[in-house]
Amino acid sequence: MAKKKIKTKSSTTTQTKKPKFKLTSQQKLVFGSLLMIIGILLSIAFLSFFFTGEADQSTLTEIGTRDVVAENWLNKLGAWVSDFIIMKGFGVAAFIFAGLVFLTGIYVTLDINRAKLRSNWIWGTLTAIWLSIFFGFFTHKYDALGGTIGFEMNSFFQDYIGVIGTALLLFFGLIIYAAIKWNVTGQSIVAFFKSAKNEMVDDFNTNSQSSDGYAPLDNDLSAEAEDIKTAFDLKPAQQKEIPQKEKVIAPVKPRTETPVTVPKLNIEVPQVKQEPVAVEAVEMEVEQVAEEASESDNLSARLVADFGQFDPTLELSKYQFPPLDLLKRYDSESITIDQDELEEKKNRIVETLNNYNIGISSIKATIGPTVTLYEIVPNAGVRISKIKNLEDDIALSLAALGIRIIAPIPGKGTIGIEVPNKNSTIVSMRSVIASQKFQMSEMELPIAFGKTISNETFVVDLAKMPHLLMAGATGQGKSVGLNAVLTSLLYKKHPAEVKFVLVDPKKVELTLFNKIERHYLAKLPDSEDAIITDNTKVINTLNSLCIEMDNRYEMLKNAMCRNIKEYNDKFKARKLNPEEGHQFLPYIVLVVDEFADLIMTAGKEVETPIARLAQLARAIGIHLIIATQRPSVNVITGIIKANFPARLAFRVTSKIDSRTILDNSGADQLIGRGDMLFTQGNELTRIQCAFVDTPEVELITEYIGNQKAYPDAYLLPEYVGEENGTSLDIDISDRDKLFREAAEVIVTAQQGSASLLQRKLKLGYNRAGRLIDQLEAAGIVGQFEGSKARQVLVPDLVALDQHLANEI
Ligand SMILES: Nc1ncnc2c1ncn2[C@@H]1O[C@H](COP(=O)(O)OP(=O)(O)OP(=O)(O)O)[C@@H](O)[C@H]1O
């Protein structure tokens, strides 16, 4: 039953593809030359109209009568069309349309890029309208100069903004045209006037020199003076080419430069003086920067000029990001400084250290949301390890849990003692999302985790991490942490830019995100739910992500880009052709809650694709976030750990767990409820995780879910397990359901390769290979030929239709 359904679907897709209108080369020649002839006929009729239009007025009403003869060179039809387009239309500007029709004919015949033609039509029409209004401005009746449009538009404008307003409006139109079409700028106008002025000054100087008392003594000299003049009149480039002439005229120069004090050695002086003129003249050349226009002839630049940059968010252009009001404010958000508490704790620390003969030269406190950091500078000669060993004693004297000693604080030269506050404050998700640091961040995948000990919002880029390992005993804030990560991305990224693959073996933690399935989630083509709760499906999804990774690498390779950002930038600049399989690539974030459970049930089958993704996926925009309750070594194996430099630990139960996750102790001394340690391979940062409650997440997902969505979740490539992919289905009824589409792809591209199918149909290697085998059995592609692509035996789609129809 299900099979049938799918079959009908694929047949409808092929039907919708068929009506695509395409001319053959012969048809293009015929159609194109017809348009060129029409263009020429229109020009003749229009030209004739200016001589015969008046005489033909009476024949216009009798166009149907065969006996009536019109004066127009193209007779009645010519008279009628010209009257319609010139008199009732655009006036003289009608010639532009004749030109455009002729140009269209050339484009069609030679099959030149259509985008340029469209731009010509748009600009041509605008120019015709402007010209017709311009000519209409000078006439006060209907006439052939401005046409009806020119006259009517003029009287309309003049009724509302008067004659001066209309004239200025016309001038403004001219400025717009010059700015866009000729790239005229304020600077280029200034440069133009400057160069004109320089030329005039030069002219003036040479004229006055020849008439100022240095009149030529004889005919030869006068000829030389003429030479000087012409030499100076020339453009700078030419000027440089005639140094010999300057040498010839050198004898004349001493006269003009009063040689009295110029000794022989200084003969070069006049030449030096000439140079500034040349330098100034070089400035004039700068004006001709217009060369850049020819660069924009390049296809991608032209596409960008015509359509603007590709906007991936266009399909959901009305999408509204969730407002901040959906997040809750808490009363206990602001930190209150309890002076007594601070003083008391300081005294206890100093006392305890004194008991062990450790003197302190200064102490400073920084109050954070959950802990206060006391930075101490011990007296000279005190061993740091001695203080470090007193951790438990200080904890005892302060009667507090969660004391952590950082000795020394990296980059500061002090020793830090973190002591929990009596009353901790909640860091609300709202406060971190609203922070400038998050809102202004230019990161690819910004995540606002919470606040540091100095009460600063802590924002990191998931794309830079590039994968995150999260651990923490039960009830310490892991799920809240995951929600904080997802919420950050929902507040910053458009559905077109990021997709989530959510794996939730506990089945209840991430269910709320079901509502945003068609906006933000990615799933396997045949699965019903986007959120994966079944462990066997996880294996398929992970393998499918590996296929997606391979496909993306192939696309990046073809586009000659090193990472997803470069690729997407190139795609947005329209430098990659979607018809060659390129598309805008959203980031994919894989979130696995309860990784330990997964490893227990699936072991290697899960570990291998996770390790592959972790090793390779960073460049193509797949990032993993893996959370686990039990950070034991058989769950977080060496190979996984090695590829997850970013680690985040909530409170764990033992020092060993802390070492497994952070390679350091400390996580066992946290106080829970979102208190966490984060590292990106270097020092540990203590952060209070932002708190986002389930009702808040519900509101956000509801807000997003109620908006217009994509027709389906982002579909990952299909993965068929190895065991299903070995038999060769030669029987027609056993063919893959994508057989027909695959055949069309292969025939259209005339290239019999499995990787082409992988890319175009988003398939795994196995399935693509099987399809190629079936195509071979059906006689559509030839035999395997080693490294060469197989030969395609069917020349075009029509032949394919016939071929397949004959099979039945
Ligand atoms: N950042 C936080 N700020 C304040 N309270 C928090 C924070 N994070 C967690 N809590 C408190 O801790 C409780 C447990 O958190 P959470 O459900 O995230 O734990 P968990 O580690 O996911 O537990 P489990 O592994 O059993 O699912 C929350 O209900 C909340 O009351």
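Just so you know, glycine gets a Cβ as well, placed from its N, Cα and C.
For LYS478 (ATP binding site), the number of other Cβ atoms no farther than 10 Å from its own Cβ, over all displayed protein chains, is 26. The ATP binding site annotation in TrEMBL covers GLY472, ALA473, THR474, GLY475, GLN476, GLY477, LYS478, SER479.
Residues or ranges marked as domain 'FtsK' in TrEMBL: 455-659.
If one looks beyond the transmembrane segment (29-51) by at least 6 residues along the same chain, the residues whose Cβ comes under 8 Å of a Cβ in the stretch are 23, 71-74, 77-79, 81-83, 85-86, 94-95, 97-110, 144. The transmembrane segment annotation in TrEMBL covers 29-51 (among others).
Here TrEMBL flags 85-109 (among others) as transmembrane segment.
Summarising the annotation, TrEMBL assigns transmembrane segment to 121-140 (among others). Sequence-distant contacts of the transmembrane segment (121-140) (same chain, six or more residues past either end, CB-CB distance under 8 Å): 89-94, 96-97, 99-100, 104, 146-147, 149-154, 157, 166-167, 170, 173-174, 177, 181.
Residues 126-127, 130, 133-134, 137, 154 of the same chain sit 6 or more residues outside the transmembrane segment (160-180) yet have a Cβ under 8 Å from a Cβ within it. Annotation source TrEMBL lists transmembrane segment at 160-180 (among others).
Ranked by how many other Cβ atoms sit within 10 Å of their Cβ, the binding-site residues THR474, GLN476, SER479 place THR474 at the bottom. Considering other CB atoms within 10 Å as the measure, the emptiest surroundings among the binding-site residues GLY472, GLY475, GLY477 are those of GLY475. For the recorded ATP site, residues GLY472, ALA473, THR474, GLY475, GLN476, GLY477, LYS478, SER479 set the reference point as the centre of their Cβ atoms, and the other residues of that chain within 8 Å of it by Cβ are GLN629, PHE650, ARG651, GLY672. Proximity of distant same-chain residues to the transmembrane segment (85-109), defined by a Cβ-Cβ separation under 8 Å and at least 6 residues beyond the stretch ends, is recorded for 23, 28-29, 31-40, 42-43, 46, 49, 53, 116-117, 120-121, 124-125, 127-129, 131-132, 135-136, 142-150.
Highlighted here are the binding-site residues (GLY472, ALA473, GLY475, GLY477, SER479) whose C-beta falls below 6 Å from ligand 1: GLY472, GLY475, GLY477, SER479, in sequence order. Confidence for the domain 'FtsK' (455-659), expressed as mean pLDDT, is 89.
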